[in-house]
Structure formats: structure tokens, C-alpha cells
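What TrEMBL records for 197-329, 410-551 is domain 'SLC41A/MgtE integral membrane'. Look at TrEMBL and you will find 152-177, 242-261, 273-298, 310-330, 342-362, 374-394, 467-484, 496-516, 537-560 tagged as transmembrane segment.
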Amino acid sequence: MSIQNLGGALGESLGSSLTVRMSGAGGSWSSLSLKPVSSVRMASIFQTVVPTGYSKLQEERLAMVDLGAKPEAGSLQNGYRQETSHLEGRRILDRASRSSITLSDCGDGGYSETEPMLTERRLSGEEASNEEGEDEVEGLGTDVLNMPKESLLAMALQILVPFLLAGFGTVSAGMVLDIVQHWEAFQFITEIFILEPALLGLKGNLEMTLASRLSTAVNVGKMDSPIEKWNLIIGNLALKQVQATVVGFLAAVAAVVLGWIPEGKFQMSHAVLLCSSSVATAFIASLLQGIIMVGVIVGSKKTGINPDNVASPIAASFGDLITLAILAWISQGLYKCLDSYPYVSSLVCAFFMCLTPLWIVISSKHPASRTLLYSGWEPVITAMLISSIGGLILGKTVSDPNFAGIVVYTPVINGIGGNLVAIQSSRISTHLHFHCAPGEVPDEAKGCYYPCRTFCGTGANHRSAQVLLLLVIPGHLVFLYTIHLMKSGHTSLTPIFMSVYLAAAFLQVLLLLCIADWMVHSMWRSGKDPDSFSIPYLTALGDLLGTALLAISFHFLWLIGDQDSDVGD
């Protein structure tokens, strides 16, 4: 028998009224008449004194405690009492203790610890039969999270503005790269071109991953508590600095190896300079972009904007420009000191590497970042290696004077593709966190993958894929004409060049969106968090596909006779 049925039976057994006679001091008698107690009221009173282990969820216990007399008609709205401010404090306190509930504490074990994050709660047979009679109780105490609703227009506008900002950031990065390719450091240490995509890819490995994790945390309510919010932020920033330092060092090693294999030449001074430049650039750029990213996430939450739509593009809007500018400045400075002060490069590298234990200690204080401190290396390092292969393609292409014009467009096509696929990956991940338990995927994502599954449909993820794909052609047209108006690069904007370039960019994003749909659902099915694992792979594949398709396009244009003509230098 349930608690409510037992309380109702006790209330009915007391009868409609009860009279008690008591004797006074002077021998007189007095009577006390008790009003009738309804079975429903007795059920709620009885449940408040039962040990808390019998409650299914913490929110149901709060609902029963706060259940009072029937409110006045004027205080009701749609049949529910509006006391959100009264219950909000208890709900926040309750979130922290929810993780201590085990299946044995929940009676029949029909609930799991991830259940409060889902949009619909599962009901046992007895609860389902009493669901209609308990609408008021559930309305008062249950804090059910719902996916933020957004129209197609609102989604397009939220994506468009950050997309344009990110695009102009990549255009600026391309223009800077077009200038610094003529500097002494880039001329004599060609491995920097191999290093460049790996370092620019850190925004996908680290910044966009951080943005996706914090966006999901905002949407599922994990950042409502100020203490938990700052623990998440500090832990994730410290984790990102550890990853940036290690990945920066490994990227330099990979650049040295990939540069040595085809030529068979190796200079220790150049290798040390590459390691110092890479580690210092990764550390400084990651710290600056991480602070900006946290501000964007917190600001989006306060203004009511879905951070999934804006966080990833803004993370990349100035990421490429900041990273490339820092890399060029540090590399050129260390190159000038190479002959007169050769020990400077070693000291710079040692200084940033010695800070790593401090960041490890800080990141290990928060459970989420502590877990990723041990398990989050595979996608980051693998993505770095994939981007380095793209850098090898870029280095070989740039070494041919006939293809010097590819430099200014490489950050643009790579950055735009990575930005768009990061938005889609973050949105799919948030959708899975709301609607599916770990290891389970929606019905439409089961079975073999086919491309129409990504774009054909009326769901939120289908519409976002359609919007993102439609942004490719007009967005790249704007960026191409911006480069042309700034008289940057070495390639004229002929109709055939624009057609081939736009075809390469469209094919890149089409492939990335299809891969993202398959990869995110596959990772969720295997129990991995897509926020931490998918975006590094996707942005690295964006770098590789973008560089490869762009190199093929330039070779094709050269073969058919649409050869470079200087536009500006």
C-alpha cells in the first residue's frame, strides 16, 4: 500500500468528527470538538512525517512539505500556484544532494540519477493511475527542465551574427598569415606552416570544447548555483591550460618530425624554437580566449540567448587572429635572438612547462574537470595529429611559388567549416542530454547512417543543419569580396576561381555536417560525452578537408589555365 493510500485510510477511520470530554479543576466538564479531516489532507500530512528514503525524488518531497490549504481562486494561474521564488532556494539546495540518492533509496528502482535532467519523468503503474489527481503537487514542486524553444528565424539570427564575426576573424587571420609568410622566421623555418593549423586548431580542441561543455551546463541548469558555476568555470579553465601546454609541445614535436621526414634535415636550434613558440602561443592564446569564452557564456545566460548558437562562433571569431598574431610575434622574436642569445628559447619553453603542475592541482579540485584530466587526452592529441597532416599539405603547397595565393584563404575555409560544424555538434549534444539517457539514442538515429537523415526532416537538428548549410555560399562570398577589397592575397577573383572555391567550401561543410551527425550519436551511444570528444575531431577534420580541397582547387585552376596574378603584396 502506498503512503497516500495509507494516509487516506487513516483519515477515513477517524470519521467525520471527534469529541473529547475533559474534567476541569473544579469538577466541571468541558468538551473539545475536532473538525473533520479529509483523506486527501491526511495523506499529505502523513507523507511529511515518513522518512525521506521513501520519496521517489527530492522535488516530490518538497512538494508534499509545501502542500498547504487550497489557495484562493485569485492566486491560481492555469490551475497552479505561482510560488517559484519560495521554492527556488530549496530546489537549488536539493540539486547538490540529488547525487546521493541511489537506486536502493528509490523504492522500486524505477529512477536513475540522470532522470531529473530529462524532460519527461517515468511513472510506475501506481503513480500513473494517480497522476491526474496529483497534478497540483507536481506543478508545485517538480522542477522539470525543458529544451529552450526557438523559432527558425530566431535561430538563424542568433547564428548569423556570430558567424559573420567569426568569418571576419578568419579573414583577418588569413591576411596576417599572407603578410607574415614573408618574414625571416617563416622563410627559414618552414615547419611553422606545419605548426600553424595545429595551433589554430586549438580553438576547436579546447575553446569550442569548453564552450560546448559550458553551454550544455547552462541549458541543463548546472550553473544556476553561483558556487557550482564558479567551480565549473575555474576547473575547466585550469584543465584547458594543462591541455594547451601539452598539446602545444606535442604539436611542435609533430611539426619537427613531419618536416624532417621528406627533407631528411634536422636542426636542434630550429626544433627548440618551434617548441618554445608553440608552447608559449598555445598557453597565452588559450588563456585569453578562455576568459572571453566564459564571459560570452555567462552573458548569453543573462540575456536569454541560447549559448549553443553563439558560443562556438565567438570562440573562433578572434581565436585565429589572436593565435596567429602571437605565433608570428614570438617566432620572429625568438628567431632574432637565435644567434646572439640561443638560450632564450629554452628558458621560455621551460617556464611555461613548469606551470603545468599548478594547473593540474587546480583542475583536479572539481570532479568534472578531474575526470577529463585523465580521459580527455585522446580526442585532443588525435585532433592535433590530424591538423598537422593538414599543415603538411599546406607547407608543401606554399613551397611552390605558383600557389602562394592559397595562404590567405586557408584560415578562412578551415575556420568557417569548423565554426559551423561546432554549432551543429553542440546543438545535437544538448538535445541528447535533454531527451536521452546515456547509451540511448533517438529512434531516427538508430540503424545505418544515411546523409538524408541529417538534412531531411522538421526536427530542431534538421532545421539547424539546413540553416548552416545555406549560410556557406553567401558567407564565403562576403569574405571573398572582403579579402578582394582589402587588396590582400595573390589571386584574382575570376568567376571560375570563385566557382571552384565555393564548390570546395560547400562540399567541406556538407561532409562535416554528415560526419557530425553520425559521430555525436555514436559517441553518445558508447557512453562518451560528445561535448568533450566530438568537436576536436570535427574541427581537425575541417582543417584537413579544407586544406586538402583548397590545394586540389588551386592545382585544378592551374591546370585549366586560371593562373595566379598578383592583386596585392
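Cβ atoms here come from the backbone N, Cα and C positions, even for glycine.
In TrEMBL, annotation is done automatically, which means it is predicted and not curated.
Residues 193-198, 200-201, 204-206, 239, 243, 246-247, 250-251, 254-255, 258, 406-407, 410, 414, 532-534, 536-537, 539-541, 543-544, 546-548, 551 of the same chain lie 6+ residues outside the transmembrane segment (374-394) yet bring a C-beta within less than 8 angstroms of a C-beta in it. Counted over residue pairs 6 or more apart, the CB atoms of the transmembrane segment (342-362) and the transmembrane segment (537-560) come under 8 Å in fewer than three pairs, which marks the two as apart. Sequence-distant residue pairs (6 or more apart) of the transmembrane segment (467-484) and the transmembrane segment (537-560) include fewer than 3 whose Cβ atoms are under 8 Å, leaving the two stretches without contact. Nonlocal intrachain contacts for the transmembrane segment (537-560), taken as residues 6+ away from its ends with a CB within less than 8 angstroms of a stretch CB, comprise 197, 200-201, 203-205, 208, 379, 382-384, 386-387, 389-391, 393-394, 397, 402-403, 405-406, 409-410, 413-414, 417-418, 421-422, 425, 496-497, 500-501, 503-505, 507-508, 511-512, 515-516, 519. In the domain 'SLC41A/MgtE integral membrane' (410-551), the DSSP tally of helix, strand and coil residues is 111 helix, 0 strand, 31 coil. Across the domain 'SLC41A/MgtE integral membrane' (197-329), the DSSP tally of helix, strand and coil residues reads 118 helix, 0 strand, 15 coil.
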